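First the structure, which I've put down as structure tokens, then a few questions once you've had a look.
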Amino acid sequence: MKIIRENYRDTMAAKKGMALAMLMLNVLLLSLCSTSIYAANITNSKPGCQPKCGNVTLMYPFGIGDGCYLDKEFELTCNYTYTSTLQPVLVASGMLVQDISLEQVYVGHWNALTCYSENKTSGNLTRSLTGGPFTLSSAHNKLTAIGCDIYAYVTDADSRNQTSGCVSLCQDGNSYRDSGACSGFGCCQTAIPAGMKSFEVGMVSINTNSKGWAAQGGYCSAAIIEEGLKVDVGMDIFEGSLNYSQRSGLDWAIGNETCKHGSWKNICHENSSCIDSPYGRGYRCICSSGYEGNPYLLNGCQDINECKGVHGCEVGSICINRHGGHYCAYPIGKKRSPMVAVSIGLGGGILLLLFLAFAFWFNGKLKKRRALQRKQEFFKQNGGLLLQQQISSGERNVEKTKIFVSEELEKATDNFNENRVLGRGGSGTVYKGMLPDGRIVAIKKSKLVDETQIGQFINELVILSEISHKNIVKVMGCCLETEVPLLVYEFISRGTLSEHLHGENLISSISWEDRLRICKEIAGALSYLHSSLSTPIFHRDIKSSNILLDENFKAKVSDFGISRSVPDEQTHLSTLVQGTFGYLDPEYFHSGQFTEKSDVYGFGVVLVELLTGQKPISSTRSEEEANLAMHFISSVKEDRVLQILETRIANEARKEEIQIVASLAKKCLKLVGKKRPTMKEVLIQLENLRVFQHQESLSLLTEE
């Protein structure tokens, strides 16, 4: 029985050994087979086409001869150079080709040269790659300058909005001879802008009197676009013995379309995919993961044998290559080590935690970046560029206007809480807020605006920034990085004149003396806008709801959303009709031409409101009397003004004062603008109100 058991164990061991040997033999044969197939199929040019020219391996889509290149932009010829060596030449551009890869083609360097003996202080070279598939590679080129006291540059020759440059200095003729590196003494080097198809490389002397410049009569300086791998200046550069790369790299791409257009499917073959060119127009083909080779050729992307290198299979297992990847096999009866499983689990857990931590961090960074991008987009959308233009031009006085950040105003208004609302209007909502320094402000949050209203918003900001008057509301700043633009004003505590005249709980709250003073303050503000500024300003929306009252009932004119400045020697503005019915000048409504007398009409309506306490448009009055201005004019003509006065005014005001103010209101409301007084004349009449005699006031009342 012992002999039988020993024979059985020997037999099983032999079977396991044979199985392991067969597995290893199969793996070896499979690896050799795939390797030999891959080696046999590696090729760069199309079958039947010239594979090399001189020492340069030709890679499709580049090629020599019909059918060997993709299109004319990639056609090559093989010519002898001046050194009697064969070298490829791009037919379309005539550039000598020194090497070709799947992303770049290397051609000769470009340089701008100037020599002291030629009495030149500058030199340049312009080259255009426009129209072809090539772009000057920013990753595989440098701008190198060799010489004394020169500034070298490379710039986009088309737009000139991309420029890179460096300065090379020399203290004397020998200061750089033993440096052995391009450090800024005798030589400088810098990166070039990305995506240039047409460029100018050049240099300018910055000190032609330096010892380094004049040390040799035949000294030359050079600005070079080259590969930038090595520049050796450890020698006498005045003798011309300079060592630098003799080639520069061009990025290339296929066609003018991106991958989404689908034309790449006829160009990129199996086991490959399409990527958009990062250098501008066109696209490129790349082999899929696990493959390498030329994706532009049929069967050009060949499987990589991952088992040849570091493959990650644990000790005791066997790496088996397969198309696009590999896997690990284990001999029969062999199990994974428990420690391996523990290590894999522990490593996987740590990696998972690291991944989650990274994902959390990255998500936070991404949110901040998106928020910043949104703020930048809103800044442009809300007229930030227009405001910057106004500031930089120097024509408008807006330098003192503060630009608030959105977080500051959100905190000031408790995230624009509804209980902070001061009022709502056609152009937006006004909130009460408190700044970090304790100042109370009013923040106007405009409604969603279109492009035409953006200009209107910036116009209001610029106009208010230019104005300095005690009876005009002061603007403190703005915020343009929110979805809707924000304006920050000084806070006026007692609300609007309209609320005090027409509010349900504020009936007759303003005395006659205060009303006369308010009239004079409004007239003074409008006279200032029309007559005292270098460029007159028309308010265009004078109404009682745009007159604010402070704690002393002092009037402040506000809301310049549709205001306009008037160019020199111009008496009117032709615009789309804007304003508020009841206050709108009839002449402006019919002609579309707004003049200073249109503001006078709106002021006249406010005067009538102060006299009568009635709203400018009311559905409670009869159809003939619905418009307060028309109702007032007819009352004056019919000598029944006293009948429509507010009760408090009738009791407090002297009759002659009522007659003077009513007469003034009538003049302001004349249908023909030229017959209305100017705001300066209105102000004078109000200031002299108490010195008018009773007879003069009666004659004014009957005057047409």
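Cβ atoms are placed via backbone N, Cα and C, with glycine included.
Taken from TrEMBL, the feature signal peptide covers 1-39. Under the heading domain 'EGF-like', TrEMBL lists 255-302. According to TrEMBL, the disulfide bond annotation covers C268-C285. Positions annotated as transmembrane segment by TrEMBL: 339-362. The domain 'Protein kinase' annotation in TrEMBL covers 416-689. As annotated by TrEMBL, ATP binding site applies to K445.
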Take the transmembrane segment (339-362) and find every residue of the same chain, 6 or more past its ends, with a Cβ under 8 Å from one of its Cβ atoms.
314
Determine the mean pLDDT over the domain 'Protein kinase' (416-689), rounding to the nearest whole number.
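Mean pLDDT, the domain 'Protein kinase' (416-689): 84.
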Please list the DSSP helix, strand and coil residue counts for the domain 'EGF-like' (255-302).
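Within the domain 'EGF-like' (255-302) the tally stands at 7 helix, 15 strand, 26 coil.
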Run through the Cβ atoms and count how many others sit within 10 Å of the one on C285 (disulfide bond).
22
What count of other C-beta atoms do you get within 10 angstroms of the C-beta of C268 (disulfide bond), across all chains shown?
24
How many Å lie between the Cα of K445 (ATP binding site) and the Cα of C285 (disulfide bond)?
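Distance between the two Cα atoms comes out at 51 Å.
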Near K445 (ATP binding site), how many other Cβ atoms are within 10 Å of its Cβ?
21
